[in-house]
Amino acid sequence: MIRHIEGSLQAGEHRFALLVSRFNSFITQQLEQGAIDALRRHGAKEEQLHVVHVPGAYEMPLIAQKLARSGNYDAVLCLGAVIRGGTPHFDYVAAEVSKGVAQVSMDTGVPVIFGVLTTDSIEQAIERAGTKAGNKGFDAAMTALEMVQLLRQI
């Protein structure tokens, strides 16, 4: 018989760190609220959620690593917005943040969720922070819930 393993979407007693970029705060505040909403809807209590603000997305991997290694959190959600401008800065930041977040997760075994918007325009970021395209902070929280439960079963 084939065994199927799936993560449930219940917070249980798990603890979550939300790492939120202050840069583009008009977007990241919405991502933060979306993530908190998702976690609370799925049973997380306020004392299970800790929000840490960092200057920008580029600083996320280091702080995510510190949080993941602390043993205090079952998952770390990285929430930010990198919006393309007229210089190659976007490409460097987006690449390094995504690589760094993935590396922290692999090195620590703690789910570190990439909830960083990488968009070509402010309009696209606004759409993904709670308007037309849903709220990617909410989606990141759902991924965190599922990953935490999935890891418990493997």
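Any Cβ shown, glycine's included, is placed from N, Cα and C.
Annotation source Swiss-Prot lists 5-amino-6-(D-ribitylamino)uracil binding site at Phe23, Ala57, Tyr58, Glu59, Ala81, Val82, Ile83, Phe114, citing sequence analysis. Sequence-distant neighbours of Ile83 (5-amino-6-(D-ribitylamino)uracil binding site) (same chain, 6+ apart, CB under 8 A from its CB) are Asn24, Ile27, Phe90, Leu117, Thr119, Asp120, Ser121, Ile122, Gln124, Ala125.
Residues or ranges marked as (2S)-2-hydroxy-3-oxobutyl phosphate binding site in Swiss-Prot (evidence: sequence analysis): Gly86, Thr87, Arg128. Counting every protein chain shown, the number of other Cβ atoms lying within 10 Å of the Cβ of Gly86 ((2S)-2-hydroxy-3-oxobutyl phosphate binding site) is 6. Classification of Gly86 ((2S)-2-hydroxy-3-oxobutyl phosphate binding site) by DSSP places it in coil, neither helical nor stranded.
There are 12 other Cβ atoms within 10 Å of the Cβ belonging to His89 (active site, proton donor). For His89, the entry in Swiss-Prot reads active site, proton donor.
All protein chains shown were included, and the count of other CB atoms within 10 Å of the CB of Ala81 (5-amino-6-(D-ribitylamino)uracil binding site) stands at 27.
Of all the recorded positions in the record (Thr87, His89, Arg128), the one with the smallest CA separation from Ala81 (5-amino-6-(D-ribitylamino)uracil binding site) is Arg128. Of all the binding-site residues in the list Phe23, Tyr58, Phe114, Arg128, the shortest Cα-Cα distance to His89 (active site, proton donor) is found for Tyr58. Of all the binding-site residues in the record (Gly86, Thr87, Arg128), the one with the smallest CA separation from Tyr58 (5-amino-6-(D-ribitylamino)uracil binding site) is Thr87. The Cβ of Phe114 (5-amino-6-(D-ribitylamino)uracil binding site) has Cys78, Ser98, Val101, Ala102, Ala140 as same-chain neighbours under 8 Å, each 6 or more residues away in sequence.
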